[in-house]
Every structure is written in C-alpha cells, then in structure tokens.
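Database features, via Swiss-Prot:
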BINDING   24-31, 67-71, 126-129  GTP binding site
LIPID     GLY2  N-myristoyl glycine
Amino acid sequence: MGLTVSAIFSRIFGKKQMRILMVGLDAAGKTTILYKLKLGEIVTTIPTIGFNVETVEYKNICFTVWDVGGQDKIRPLWRHYFQNTQGLIFVVDSNDRERVQESAEELQKMLQEDELRDAVLLVFANKQDMPNAMVVSELTDKLGLQALRSRTWYVQATCATQGTGLYDGLDWLSHELSKR
C-alpha cells in the first residue's frame, strides 16, 4: 500500500524525465538552441565536435538534451546516442535551401533505425528571422514528413537567437510525453 501511494504521489507531483536527442546538419543552430533553453541567453558557439548535454527543466519535466555535432564526418556517430531516446529534435536551417535535401536524407536515415522507432519527432525549423527562410509547410514537404505514417511528429518554426518557438516545441514534447 505504501508503495502505491508513493508511486501515485510521485506521478502527480514528481518531475518526469525525458531523454532528448538533438541533431541536424552543422550550423543549423542546435547548440544555440540548447543554451538558449538552458540559460535563457545566447552564447558564443563553435562547431560541436562530439556532444553537449544539459538538463532543461520545463513544466515539471526534466529534459536531458543531448546536442550532437552535425558535421558530415561525425554524423555516423549519431547512432551511439539513439538508445533510450524518447524524443528526437531535428534542427533544420530554414534559410539553407541548398542543403535541405541533405537534411531530408539524414533524417530519413535516422528514422529507419530500430532504436528510434518509439521516439517522437520534433523538427525545429530554425532561423525563421532570415528573409529567405522556408515556411513550415514548405519545409514539411521538402523533408518528406507527410509520408511518416507510424510516427508522431511536429514541425515548429523557431528563431534560436530570439528564442521564438522554442518553448512551443517543448510544450508539444511535454504533451506527447504525458500521453505515454
């Protein structure tokens, strides 16, 4: 009986944990997003070789966010971070029309991995402040997301430097986690 009451109490009042893997091509804004969420400010970043990991608490959920470098030479290492991932944040530079196909290919490759089959997908359509940025509907089309039938996904327009859209994305992740 004591365990049951304790379990109910922690379920109602305790923080839920969610492991998030944040990936995308190099220079998409992953590290800027991570530290904007963690610190509430913009930090000077350098290309990530390896990973950054931070805990972001939001709406009674403790997100452990793994930000993994996106240079083409280190993308094969992404698979080492797949295990136990509940949410996948794929960051796309919405202004980089020349590499959107490359983003689509990398995303589709990842989504075929068995270890990520249960992970929800949040796409951050970043750099929306740029004049040539693709809108959500265009990016959704170019990434081929409509073809994803057996996966829960969402595209959120963001601007990491201003912080716009980031918490809307976390709201969506929080909602999806609460349904599980």
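Positions of Cβ are set from backbone N, Cα and C atoms, glycine also.
Keep in mind it's a predicted model, so treat the numbers as computed, not measured.
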Could you tell me which three-state DSSP class GLN71 (GTP binding site) falls into?
coil
Using all protein chains shown, find which of the binding-site residues ALA27, VAL68 scores highest when you count other CB atoms within 10 A of its CB.
VAL68
Within a 10 Å radius of its Cβ, which of these binding-site residues (GLN71, GLN128) has the fewest neighbouring Cβ atoms?
GLN71
Non-local Cβ contacts of LYS30 (GTP binding site) (under 8 Å, 6 or more apart, same chain)?
MET22, VAL23, GLY24, THR48, ASP67, VAL68, GLY70, VAL91
Across all chains shown, how many C-beta atoms besides its own are within 10 angstroms of the C-beta of GLY24 (GTP binding site)?
24
